[in-house]
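Structure first, then comments.
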Amino acid sequence: MGLYGSNEPGLDLERLINQSYPATLEILLYFGFLIAYAVKLPIIPLHTWLPDTHGEAHYSTCMLLAGILLKMGAYGLIRINMELLPHAHYLFSPWLVIIGVIQIIYAASTSLGQRNFKKRIAYSSVSHMGFIIIGIGSITNIGLNGAILQILSHGFIGATLLFLAGTASDRMRLVYLEELGGISIPMPKNFTMFSRFSMASLALPGMSGFVAELVVFFGLITSPKFLLIPKTLITFVMAIGMILTPIYLLSMLRQMFYGYKLFNVPNTNFVDSGPRELFILICIFLPVIGIGIYPDFVLSLSVDRVEALLSNYYPK
């Protein structure tokens with residue numbers, strides 16, 4: 001891209017935004033970037049590395065991965081595929097929306113079958129990324145703002161769920177759900193925060209997850225690119241995905257924290273969340289509630305940029 005149409009190579013974004021390419025070259029460039037970001041985001045079927053990584057890695061690595069690194073894939077899709085290659089994106093956006101819907105349903109269904117609770121949270125991340133893909137594919141002001149909101153919202157919620165799961169598994173030395181049960185009694189603070197963030201993840205009204213998913217819904221419904229019947233069908237299937245989310249998250253909470261299952265491990269390991277951990281958790285929980293109650297905190301920062309980006313698609 002830097003070499004094309006210029007005597008001297010340059011990677012200045014302002015120049016590249018105004019650069020036009022032959023249709024075939026633009027589609028090839030779009031596919032190249034899409035595959036790279038599909039691995040990073042991840043988009044199915046290139047997602048299989050993520051659950052294994054979350055299942056095996058230390059929770060500090062998982063937090064970086066879920067909170068920041070996955071979101072770079074979404075940022076790249078918006079900044080490069082959408083902004084620099086608008087014609088190809090306009091052509092392929094319906095496929096992005098279809099893949100996003102399949103991803104929401106598939107990952108939520110797969111999450112329910114995971115025995116390792118870290119892998120269950122990893123699949124929930126894959127499912128939530130589907131909303132970002134749909135927001136990007138909708139090519140509307142509302143949809144793209146919803147995708148940006150979901151990027152931020154899931155960055156807070158996904159990273160914190162993995163932090164809580166990691167601190168719990170470090171103390172118990174257990175990760176399989178059938179071995180767990182009743183840990184709300186020795187670890188009430190961990191249980192309280194885990195419940196709060198699970199509710200945020202399943203899009204409880206008043207928290208950032210709800211606002212982000214709702215705005216993506218509105219973005220898709222108001223998109224002039226799609227016909228009414230396909231939009232309605234896609235929205236209906238997305239809604240089924242939102243119903244599956246509480247099923248796998250609440251069943252995980254029940255298996256981990258409720259009941260009176262006895263452990264074969266000494267109780268000395270069961271130290272509840274300390275002041276440092278609670279401080280981190282509360283610091284992340286405040287923006288989750290803040291965005292949920294007043295999403296304009298984030299939208300006011302992105303709305304002008306989004307309008308400028310979409311002027312390539314719908315010139316005034």
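Cβ atoms here come from the backbone N, Cα and C positions, even for glycine.
Here TrEMBL flags 11-229 as domain 'NADH:quinone oxidoreductase/Mrp antiporter transmembrane'.
Here the transmembrane segment (20-39) has Cβ contacts under 8 Å with residues 1, 4-5, 46, 49, 73-74, 76-77, 80-81, 85, 87-89, 91-92 of the same chain, all six or more residues outside its ends. For 20-39 (among others), the entry in TrEMBL reads transmembrane segment.
Among the features that TrEMBL reports, transmembrane segment is placed at 59-78 (among others).
Positions annotated as transmembrane segment by TrEMBL: 90-109 (among others). Sequence-distant neighbours of the transmembrane segment (90-109) (same chain, 6+ residues past either end, Cβ-Cβ under 8 Å): 27, 30, 34, 43-44, 47, 123-124, 126-127, 129-134, 136-139, 220, 225-226, 234, 237-238, 240-241, 244-245, 247-248, 313.
Within its own chain, the transmembrane segment (121-140) is flanked in space by residues 41-44, 47, 50-51, 53-55, 66, 70, 74, 77-78, 82, 89-90, 93-97, 99-104, 106-108, 110-111, 114, 146-148, 150-151, 154, 158, 161-162, 165, 201, 209, 212-213, 215-216, 219-220, 222-226, 234, 238, 241, 244-245, 248-249, 310, 313, which lie at least six positions past its ends and keep a Cβ under 8 Å from the stretch. The transmembrane segment feature in TrEMBL is assigned to 121-140 (among others).
The annotation transmembrane segment is assigned in TrEMBL to 146-165 (among others). Remote same-chain partners of the transmembrane segment (146-165), defined as residues 6 or more beyond its termini with a Cβ less than 8 Å from a stretch Cβ, comprise 54, 59, 62-64, 66-68, 70-71, 74-75, 78, 117-118, 121, 124-125, 128-129, 131-136, 190, 193-194, 197-198, 200-201, 208-209, 211-219, 277, 280-281, 284-285, 287-288, 291, 295, 298-299, 302, 306.
Residues or ranges marked as transmembrane segment in TrEMBL: 197-221 (among others).
Annotated transmembrane segment per TrEMBL: 233-253 (among others), in sequence order.
As annotated by TrEMBL, transmembrane segment applies to 278-295 (among others).
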